[in-house]
Amino acid sequence: MDDKLNVTYITLDGHVEVGKYRYLYFLVMLTVYILIICCSFTIVGLIWRHNNLHEPMYIFIAALLLNSVVFSTAMYPKLLIDFLSEKQMISYSACLFQFFLYYSLSGSEFLLLAAMSYDRYVSICKPLQYPTIMTKTTVSIFLALAWLVPACQTAVPVVLSAHMKLCNLSLKGIFCNNSIYSLHCVTSKAISIFGVIALLNIGLFPLLFILFTYTRIFVICYRSCRNVRKKAAQTCLPHLLVLISFSCLCAYDIIIVRLGSDFPKIVRLIMTLQAVLYHPLFNPIIYGLKMKEISKHLKRLFCQTNAILCIKSDIRVIVTLVMLIYRHLFCNKSEM
């Protein structure tokens with residue numbers, strides 16, 4: 001604790017040989033962070049630019065990618081600083097804020113995936129009622145709830161934790177997650193209760209709702225024609241891949257608190273990195289490759305970029321040839 005500033009600092013003890021591999025860690029994480037931002041904003045830009053992508057499904061995809069960018073921004077800058085620092089430390093207040101962003105945005109992802117599953121359910125199972133159900137107002141309400149509900153649910157444990165006495169100042173992790181509860185001198189029943197309520201409301205219930213809607217979709221598609229099954233596979237498969245990936249990482253994050261001491265440090269580091277390294281980059285790749293309309297616009301964008309580069313290259317060649325001809329003529333005249 002810094003007595004002059006009255007600030008409590010937490011040591012992040014989850015790093016493995018950071019002194020030896022600091023520049024490798026830094027380069028890999030910086031590259032992934034740049035890729036996440038570029039890939040996500042490319043797809044969001046395409047959705048914003050093209051009118052045929054101004055549909056609820058694509059709006060939810062854009063919201064999900066923006067959520068991933070904010071999530072990554074809450075994690076990566078601090079990780080990059082830690083890799084280049086001699087000591088990996090964070091103030092307790094900043095740790096709580098990172099904890100809030102980590103679980104609030106994770107909960108938002110579950111609720112956005114739930115909204116997307118409901119959108120697919122209405123589109124495939126009730127196509128005639130789709131325009132009247134999935135209106136702009138409905139989409140706006142879903143987006144607002146997806147960000148506000150997890151924020152309110154996560155804020156309560158954060159406020160309660162801010163007033164807890166700390167007996168341990170070493171955190172077994174590289175960022176602030178559920179492991180912060182191991183810092184407290186005593187276990188708070190109120191925090192445990194609110195934590196379970198938050199887990200149910202922004203984790204388990206949305207997951208069960210998603211499984212229910214996709215089960216209904218698959219049952220109806222099984223009874224329908226081949227075209228309906230093909231449409232369902234094209235639009236639902238990316239959502240399911242993202243859901244499975246994210247659910248596995250969230251399950252690990254919950255289990256690690258109970259079994260954290262049994263995991264080797266290197267295994268804990270690798271598994272923890274998956275949440276910030278793999279999944280945020282997985283989202284834009286999956287939606288960019290598997291969503292037919294987005295993939296089509298991406299191909300056009302890359303073709304236009306290649307064409308522009310080719311034109312620039314041709315212009316440079318022409319300019320070079322003109323300069324060579326001019327110099328040749330000028331030199332001949334001066335010799336004469």
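Every residue gets a Cβ built from N, Cα and C, even glycine.
All annotation found in TrEMBL is predicted automatically rather than curated by experts.
Model, not experiment: these values are computed from the prediction.
So that you can see what the record holds, here are the features copied from TrEMBL:
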DOMAIN    39-287  domain 'G-protein coupled receptors family 1 profile'
TRANSMEM  23-48  transmembrane segment
TRANSMEM  57-76  transmembrane segment
TRANSMEM  96-118  transmembrane segment
TRANSMEM  139-160  transmembrane segment
TRANSMEM  191-219  transmembrane segment
TRANSMEM  240-260  transmembrane segment
TRANSMEM  266-289  transmembrane segment
Cβ-based contact of the transmembrane segment (266-289) with the transmembrane segment (139-160), 3 or more pairs under 8 Å: no
Stretch-averaged pLDDT - the domain 'G-protein coupled receptors family 1 profile' (39-287): 84
Cβ contacts under 8 Å made by the transmembrane segment (139-160) with residues that lie 6+ beyond its boundaries: 56, 59-60, 63, 67, 96-97, 99-100, 103-108, 110-112, 115, 118, 188, 190-191, 194-195, 197-198, 201-202
Positions on the same chain near the transmembrane segment (96-118), where near means CB under 8 A and six or more residues out: 57, 60-61, 63-64, 67-68, 70-71, 74-75, 78, 90, 142-143, 145-147, 149-151, 153-155, 158, 161-162, 175-177, 180, 198, 202-203, 206-207, 209-210, 213-214, 239, 242-243, 246, 250
